[in-house]
Structures are given as structure tokens and as C-alpha cells.
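A.B. asks: Pasting a structure here, questions to come.
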Amino acid sequence: MSAATREEIATLVPGDWQLRAACRGADPAVFYSPDGERGSARVRREARARQICRPCPVLAPCRDHALAAGETYGVWGGLTEADRRKPAHRLRRGEPTTRLDPFASGRSHSSNVDSP
Ligand code: SF4
């Protein structure tokens, strides 16, 4: 993905929740993986992004937008690209994603999302 700022990305999203985003002004490289990123480097970068997301006052609308819009890249609403795959699939099928809480256990949240 190109190095667009979160503000540039937010202008593509309807609504005003992004004006209160904790990531406004943050380095986009924290939220989007560089080419070829793998393993522990990815885990560390995603953990830094999630630290920004955790206290964000608009975490829920951000997460919902990412799932509804099928955002492929980046950390949105505390969810990584991998975290969003199954819930997004459920949302597109009109199924609930009621247990989707990225910080429910205080550790990696991949196990906290609904399974199809
Ligand atoms: S939840 Fe994270 S990605 Fe979404 S607006 Fe807040 S800080 Fe940015």
C-alpha cells in the first residue's frame, strides 16, 4: 500500500468519527505493513498499532467501518488484517459478529473473534 496518511484514508470514509481518531498524525508505517514484512517484525508493528487503538474513543465505528468496507490492509479498530478476515466474511453474509472485542483478553485477539 502507498504511504497515505490516516487522514487521507479517513477522507474516503463517510461520517465524522475519524476526526476523533487517536491515530491522527500517527506514522502510517505503524498501521500498514511494508513489503515483505513477516513474523516477529509484523507482530511487533501490529502491537504498536494496537497500543494506539486501545484507548481510541472511536474504536467501535472504526472497526465496524473496516469490516463493512472490507478493508484489506492495515490495522483498523484494533484489528489486524488477519483478525478481520473471518468477521468480515460473517458480516457480508449478514451474520452477527457479537463477540468481536479486540482487547477482551489483553493479549492477541485472534482467538477472541467468532469462528464461522
Ligand atoms: S481505532 Fe485505531 S485505527 Fe481506528 S481510528 Fe482509532 S486509532 Fe485509528
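Placement of Cβ uses the backbone N, Cα and C atoms for every residue, glycine included.
No curator has checked TrEMBL annotations; they are predicted automatically.
From TrEMBL, here are the annotated features:
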DOMAIN    22-86  domain '4Fe-4S Wbl-type'
BINDING   CYS23, CYS53, CYS56, CYS62  [4Fe-4S] cluster binding site
REGION    79-116  region 'Disordered'
COMPBIAS  107-116  compositional bias 'Polar residues'
A.B. asks: Where does CYS53 ([4Fe-4S] cluster binding site) sit in DSSP terms: helix, strand, or coil?
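C.D. replies: DSSP assigns CYS53 ([4Fe-4S] cluster binding site) to helix.
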A.B. asks: Among the binding-site residues CYS23, CYS53, CYS56, CYS62, which residue has the fewest other Cβ atoms within 10 Å of its own Cβ?
C.D. replies: CYS56
A.B. asks: Would you list, in sequence order, the residues of this chain other than CYS23, CYS53, CYS56, CYS62 that have their CB within 8 A of the centroid of the site's CB atoms, where the site is the one recorded for [4Fe-4S] cluster?
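C.D. replies: Surrounding the site, in chain order, are ALA21, ALA22, ILE52, VAL58, LEU59, TRP76, GLY77, GLY78.
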A.B. asks: In terms of DSSP three-state secondary structure, what is the assignment for CYS62 ([4Fe-4S] cluster binding site)?
C.D. replies: helix
